[in-house]
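Okay, so here's the structure we're looking at.
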Amino acid sequence: MDNSGISTQHLRPDIVNLNVGGKTFLTTKATLISVPDTRLSILSKNSKEYVPELGVYFFDRNPDTFNFVLDFYRTGELHLPKHVCGATIRNELEYWQIASMSIADCCVASLFKFEDELEVSHNLKQQFETTDLEYTSDQLETSKWARIKNVLWEIMDRPKSSRLARGYSVIYMSFVITTCITFILSTHEEFRSSPVDPNNSSRYTEIYQTLLEKHSNSKIALMVGTEMVDSLRILNDCCAMFFTIELVLRIIVCPNRKAFFKFWLNIIDIIVVISMMITFGLRNIEHMVTNDQLLWFYLFIRGMIILRLLRLFRFARHFSGLKILYLVLKASIQELGLLGLTFTITSALFGGFVYYAEFFHPENFQNVPIGIWWAIVTLTTVGYGDYVPVTTAGYIIGALCAVCGLLLLSMPIAVIATNFNDYYSQNKIREKQLTRKKTVFETIRKLFHFNKTNNKFTTIGAQSTLNTPREAGTSSNTDGIVTISSEINNDPAAIQAVHLRVKNGGHALNLKNGGLNAKSHTNHIAVQPAKKKNEAFKNAVTKSIK
């Protein structure tokens, strides 16, 4: 209803005239006080919203969303419109001071769904767009050495930042694959050889025989008493040298060493490099024979070198699929924890049952730990067959154990699949938004040329300049000056918001929110022409955003 069509002088005393965003709503005082401790229930003529000249209470809010608020006072039930964004609903409830617990059960899911989507979106932004391992603009502006380190860091840590970085990532992955192959082949006897000294071959034979006599384990004799063949050893040493130099260089050029040493992959790198250095100094077989503690320490260090395989995750972390999988597992941690607890209890239960079911067969399931091992293998439907029940009671317990395993493993799958779908869908939307913003950024780069001498951008084919603001939010109202107010990182895809206003040749051009109109979800440019000048400039921007 329009306010102009109502005369407040002829309204009953118990009628309250509410004007919300220019639209009039009439209700009674009894209706408003039916929900206490809310904004509308405490209205009086002393309220700041009261307009005495018109005799109305004016609220500068959206009148369309006010309908469900007023219906709550009338009916006592708060039902939410399905077509309104959850953020809008939450803001309206906060403004009108209505508790979210008042929402009807049939509608509360829509608000919770919005909150879940908001949490997913926040987690994605935090995982993909925030990092402590980058140089600040102040560091890059004040230090030439920082700029050099930043270039090296971009090459070594961000494979998608440039062609040189892509080339380096190919070289790095080649070394990772090579070191994995050398590790696998080094355990095969065909790629091992005796470190025979031509001048003292009899001494080696004596030491090797002593090793075999002291340790009947052929694996120990192979790993300690032999070396990799020359070709494999050279490859392994080259890889060790490359990763050592690479690690030292990354520590030097890293922008934040504290954050660097907190990242688990960097810790793995340090452990592997130190382990490889130690093994180089423990190649003397004679010391291994005479010192058992040194032998076991050597084998332990050799085992730590297996962690080199985790280097494959170094660049895999830049792929969105793995990051989404990590976020899904993190979001499902409670369900996975419950699964682990239930699995532990169930395996112990069936392990004890099968032990007593096979009690009169002493050669089978000698103790409960073996029964638990059998239960775990059965619950996971692996079934190695190393231990099997032979009694009727054992068969029944085995069947129940297998069925319980199917039920236990199927329960968290639905939760994990739902979380994965939520994160995957939200990430697709995020990537589309970043693509739109990147398009705007590339448009700015094409239309403006940066002049390093005066630290300004100059429009191509025009006389306007673009001041480079030191802080986001800087603006200028001078004709011929172009101002960008944004949060622009070194990565154009990380642009958060772009507001470009060009006063050039008599027309004003606006790019807001990365060229994306949130209401229509279409590319949007507002152009205010005054004179037909620089049409090419205007058309270039329009074409690039479409």
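Placement of Cβ uses the backbone N, Cα and C atoms for every residue, glycine included.
Annotated in TrEMBL:
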DOMAIN    14-82  domain 'BTB'
TRANSMEM  165-185  transmembrane segment
TRANSMEM  234-253  transmembrane segment
TRANSMEM  260-282  transmembrane segment
TRANSMEM  294-315  transmembrane segment
TRANSMEM  336-357  transmembrane segment
TRANSMEM  395-420  transmembrane segment
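Long-range contacts of the transmembrane segment (336-357) within its own chain (CB-CB distance under 8 A, at least 6 residues past either end) are made by residues 329, 365, 367-376, 378-379, 389, 391, 393-394, 397-398, 400-401, 404, 408-409, 411-412.
Within the same chain, residues 159, 169, 172-173, 176, 179-180, 183, 215, 220, 223-224, 243, 265, 268-269, 271-272, 275-276, 278-279, 282, 287-288, 322 sit at least 6 positions outside the transmembrane segment (294-315) and bring their C-beta atoms closer than 8 Å to a C-beta of that stretch. Across the domain 'BTB' (14-82), DSSP assigns 17 helix, 19 strand, 33 coil.
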